[in-house]
């Protein structure tokens, strides 16, 4: 895995965490002071970057599997192991806490179809997710499903992507928390961001120094954030395009040895999935602790913000080391190691 990708994950996780922390601290129960909100207001774009990055990573990891149906099972197992066990593990204590009466805004599903939607990460209705940040995973699963058809048969996958893109363009929408119906989610404009990520991989695979992509990406990013809004709500797509160009650029710069990624970003990048899933719960917990302990009153909102932000990132990294990494290593040994050996033996030349 390219180190630049892990650094991108780290920065996206930090930006989303910082964005939500400012919002949380603006609530009356957490002091009513949205600390650093002027600086973190764009942090939600970290989610957009995650979508673009995912498109890059999936093509990076599985480009050689396209058109090889015998690879479909391995692809499915790898995607399953990467997403579901950790999601279920973090959802379980959250459900138990809600059953015990803890939590303020979160609510448990009430209908069987709501539970099925949350369990499978497949949109059967517009149920709210148990873990609020997991709304993005429904888009991930949809993209994974379409990409899998490329593995089954290249022409089938291309046709599926054409239909997928057409649906997203025709029903162009950005569903909010209350209107995430199956139609809205699987035709959401967010899904187009995965394609920008695949385009970023194509640029990376073509080679080059990455300077042109870097400069153009910075220009498009600057215009997307600070320029005039484009008509027809196209500015978010321009931002996704800038992310794709920047991603291709840093990947090329790393490959040529001109980019050094700090170790701390690698550690946070490794833990980014855990941080993303549990950061809102950790923020609520730590904010209650600093307020009830008197720390908030003693050091003020902004210092408390920095303390809580550091605590969330640190606890997320710790949870990764204690939960996510051991679970992933165990499942990969049990479910994937044997299959990888068998696949290598089957591909080895005879005689």
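Each residue, glycine too, has its Cβ placed from N, Cα and C.
Note that the coordinates shown come from a computational prediction; the quantities given were computed from them, not determined experimentally.
Which of 108-129, 130-151 counts as transmembrane segment depends on TrEMBL, and there it is 130-151.
TrEMBL assigns the feature transmembrane segment to one of the listed ranges (302-323, 324-345), namely 302-323.
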